[in-house]
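Let me begin by presenting the structure, written as structure tokens, before commenting on it.
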Amino acid sequence: MAELTIDPASIRKALDDFVSSYKPSDTPTQEVGYVATAGDGIAHVTGLPGCMANELLTFEDGTLGLAFNLDAREIGVVILGDFAGIEEGQEVRRTGEVLSVPVGDGYLGRVVDPLGKPLDGLGEIQGIEGRRILEAQAPDVMHRHPVDEPLSTGLKAIDAMTPIGRGQRQLIIGDRQTGKTAIAIDTIINQKANWESGDPKKQVRCIYVAIGQKGSTIASVKQSLEDAGAMEYTTIVASPAADSAGFKYIAPYTGSAIGQHWMYNGKHVLIVFDDLSKQAEAYRSISLLLRRPPGREAYPGDVFYLHSRLLERCAKVSDDLGGGSMTGLPIVETKANDVSAYIPTNVISITDGQIFLQSDLFNANQRPAVDVGISVSRVGGAAQTKALKKVSGTLKISLAQYRSLESFAMFASDLDAASKAQLTRGAHLTELLKQPQFHPYSPEQEVVSVWTGTHGKLDDLDLKDVLPFEQGLLDYIDHNTDILKTIRETEEFTADTEAALDKAVDEFRSTFVSSAGKPLVEKKPDVDKAAPVDQEKIVAGEK
């Protein structure tokens, strides 16, 4: 028998050849988990030890889920969509991705769900320019620019007293049925003139996020925007009341992601969250089902962070990031005008001001029902045009004094002349600020209207004649003078413009006829010219 010999060099060569020729198997590996329990839009999943927070998971029927709770033995998953087909024992797989949404100009004019899928039956969305994650970071302090450009709402009561600037967060708050959504829709419609100008610096893309509303309400909003020609530059992200809590929770972040794409490309965006009370309630139900510790009013402890990280994404960014802006109009519903409740106080502290709508004013036909005393804009004043700032300087103070004097006058039997004049001026200003829905004013029309009211040109009118007088005056000035054009082009209200406006108002007053059929200015007989003629006849007769 031959002796066995082992050559170390041969062994080394054989190992090297094997390593160099080795190819791993093409068979993919995946972590697979299983549904332990499921119900109420929540699933508890075992397995998946490598799952990340906020990672997307897929169930057997293709439904997506969001990894919300990462516990030692299981994962709490928020189901995004219909959860009727998810049962115990089904497989769950990781995607390795966090939740994101497609973005681009293809979304203009469309109605989509919180995952970016179309709901309007108009086919697939074209013009997709990429994807953006929902939980994107807000711009940091050094990349923000001060708010210095106005965003006109077309509503006299807001643009004059609580102005909004591009990049601002302005809360609209009030009881149900006080006109909160109407203000937001009017603001969107008012951007039509800017859009039709074709100037990218003026154009504003609008996003309306409907959270927990009736499907019929969302359809009505869409129809109103279409009738006004505003859907051309608007995207609706819809999560109606029938949707799962997970969809209502992520809907505002979907809208923000779509808007941030435009903002970082140097464009201007207006986003409406209608309303954040519903999102907070959806987040509360998710947290309670996942057995997170409840806090005040059973909301979880991080409900403030829920809204702060959302609203901080609204900003005017520096030129280094494109110089775009995203203006936020969050809406919060109160109960019995209680602004000191948990969610209202949270959002008030996050935003740059609030427009408080009073149910008593709304029921008294004062619409928009803006409460002057509580409403405030903390940064919008810097963005107000010079013309509007000049004429509206005393408006808010006059109305606030009128409100306090009005309540005092209810108990006073006799008032001095100054108090009566103040009450008269306040009543006429209040009437002047009434405005029907879907009838926005241009900034130059607002300047003329507010100047007319604050300078006492309406004080001798009956209250029912104030709005007809205003409409007639605006038509008269538009057709007979260049005042509106001058204010629009210069954005200033000079002494010459004011003198021309004063003259035009007096001319129109001489032609205005009240609802009672009486002229506002009585024409006096020309006695001074008639007297000398009579005297000459007398002298001629004597001769």
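We number each residue from 1, going along the chain as drawn.
Glycine residues also receive a Cβ, built from the backbone N, Cα and C atoms like all the rest.
Note that this is a predicted model, so its numbers are computed, not measured.
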Next item on the list: With Swiss-Prot as the source, identify the stretch among 15-37, 130-152, 176-198, 521-543 annotated region 'Disordered'.
Entry: 521-543
Check: What is the interatomic distance between the Cα atoms of SER375 (site 'Required for activity') and GLY174 (ATP binding site), given in whole Å?
Finding: 11
Checklist line | Under 8 Å by Cβ from GLY179 (ATP binding site), same chain, sequence gap 6 or more | finding: LEU357, PHE362, ARG367, PRO368, ALA369, GLN437
Check: According to DSSP, which of helix, strand or coil covers ARG176 (ATP binding site)?
Finding: coil
Notebook entry, point to check: Using the Cβ centroid of GLY174, ASP175, ARG176, GLN177, THR178, GLY179, LYS180, THR181 as the reference point for the ATP site, which residues of the same chain not in that list have Cβ within 8 Å?
Noted result: GLU333, LEU357, SER359, PHE362
Check: In this structure, which of the recorded positions GLN177, THR178, THR181, SER375 has the fewest other Cβ atoms within 10 Å of its Cβ?
Finding: GLN177
